[in-house]
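Chemist: Can you read through this structure? Questions will come right after.
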Amino acid sequence: MPVESGSSAASRQAKQKRKSHSLSIRRTNSTEQERTGLQREMLEGQDSKLPLSLRSNLLDLFGQIEREFENLYIENIELRREIETLNDRLTAEGQTIDGGDLTKGALKTKASHSTSQLSQKLKTTYKASTSKIVSSFKATTSRAVCQLVKEYVGHRDGIWDLSVTRTQPVVLGTASADHSAMLWSIETGKCLLKYVGHAGSVNSIKFHPTEQMALTASGDQTAHIWRYMVQLPTPQPVADISVILNADLCVSVCMSPIPQQTPCDDDIDFSDKDEADGDGEGPNECPSIRMASTTLRSHQGVVIAADWLVGGKQVVTASWDRAANLYDVETSELVHSLTGHDQELTHCCTHPTQRLVVTSSRDTTFRLWDFRDPSIHSVNVFQGHTDTVTSAVFTVGDNVVSGSDDRTVKVWDLKNMRSPIATIRTDSAVNRISVSVSQRIIALPHDNRQVRLFDMSGVRLARLPHSNRQGHRRMVCCSAWCEDNSSCNLFSCGFDRQAIGWNINIPALLQEK
């Protein structure tokens, strides 16, 4: 019976070890996908403020790093086993070589070369992964300075829309689900006038470009045009110390202030106190208007939005009856019925200098209507979102900005609208957006009570302050910019029944970008 030599036995033992190790590697690779799936499920189940897409991307990148370390570990094990095999073979042949001397020879050179290659590959992969992570946040070195200036409280239900007048005096208008629209003094935060002519929720308010007229859209299937005349409160003079002391002595006597009357039209009712409850302004109830000068009736559903065309001689309305209507202001006649959307409309907007209209809908599209040629009007359909398009607005240039419930905002070029020139991805649905004319900044109101600011290239500039003491406490429905350099240059409103005035200071470095 032949006797097996020591070297052949050691060789066979090493082969068996390598075979068993390769089987373990295959078993590890076979369960890698299952482990990744379990990690992804555990990650999705955890509470985190990061969006799911970003968390998934981070998991994939860290998985690549983990696999590189596993490969390095396996190579290290293989090298150690080769060293042990050679030591066993040399021992069987009667040679004694110290393990430290062996590591100084060819095996150390091979191991060092292999390890250096893996380390370099690992460094490259790690650097590329971190670059992707950092670039996805699009962080900026300079940020906008945002400060809460004034709160406008007086509505008894959520505020859907707000707008700022384009003529003097500059006032803020709000449209609420409590069936009323209010005009506010921007500086004092006091209600100047209330319109109560609608029988349903007031969903939109827009001011005439040159005259003191307002256009409101309502859930009562109508749009109203009404005239207003307000007088801003005069600045209070600096009180003398003696006057202050005398006023302190008269506090117990003068418990109820005398209402101040504001000169206005004949339609204003000074005795309207039907809707006063604990949320109002108390004894100083603002005057109200009950009758519209023009009522537009053609829709068969809720009128969700309305706007003035350039010049102010025509208006456009958007409704849940899947149509947008173009009216003549002077005659109240229907000029065009803009049909084509497959589902309810959500918003409409007009170009500031051209006869262009953009409408958005729940059918995930928005449409551009061109009325520059009086004989014909063309329409273009844009399918850039995967969910309801909540609003689409024009900028001063040749851009359209659209926001959607798919948590994205896209910037389009009117000259080439095949694909957006910039895409902003957020972590919450986007409501009625607005773009600053002078600074070209997009304000995004969100369902998650946040308001964020981005530039036209999609770089995030700031998030408006939000805490238990300031900011909105419920969904933010709309935002609007004011370009007259007043103390408040951005306004927002929401379901918490209040509008907020903000002062946004943009560094010159960001404006140049």
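A Cβ is built for glycine as well, from the same backbone N, Cα and C atoms used for every other residue.
Keep in mind the model is a prediction, meaning the values are calculated, not measured.
Straight from TrEMBL, here's the annotation block:
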REGION    1-44  region 'Disordered'
COMPBIAS  1-13  compositional bias 'Polar residues'
COMPBIAS  22-31  compositional bias 'Polar residues'
COMPBIAS  32-44  compositional bias 'Basic and acidic residues'
REPEAT    152-194  repeat 'WD'
REPEAT    195-226  repeat 'WD'
COMPBIAS  264-282  compositional bias 'Acidic residues'
REGION    264-285  region 'Disordered'
REPEAT    296-337  repeat 'WD'
REPEAT    338-379  repeat 'WD'
REPEAT    382-422  repeat 'WD'
Chemist: Tally the residues of the repeat 'WD' (382-422) by DSSP class, grouping H, G and I as helix, E and B as strand, and everything else as coil.
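Modeler: Each residue of the repeat 'WD' (382-422) counted once, the result is 0 helix, 21 strand, 20 coil.
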Chemist: Run through the repeat 'WD' (338-379) and tell me, per DSSP, how many residues are helix, strand and coil.
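Modeler: Split into helix, strand and coil, the repeat 'WD' (338-379) gives 0 helix, 21 strand, 21 coil.
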Chemist: How many of the residues that make up the repeat 'WD' (152-194) does DSSP mark as helix, as strand and as coil?
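Modeler: The breakdown for the repeat 'WD' (152-194) reads 0 helix, 23 strand, 20 coil.
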Chemist: Quick one: DSSP breakdown of the repeat 'WD' (296-337) into helix, strand and coil?
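Modeler: Each residue of the repeat 'WD' (296-337) counted once, the result is 0 helix, 24 strand, 18 coil.
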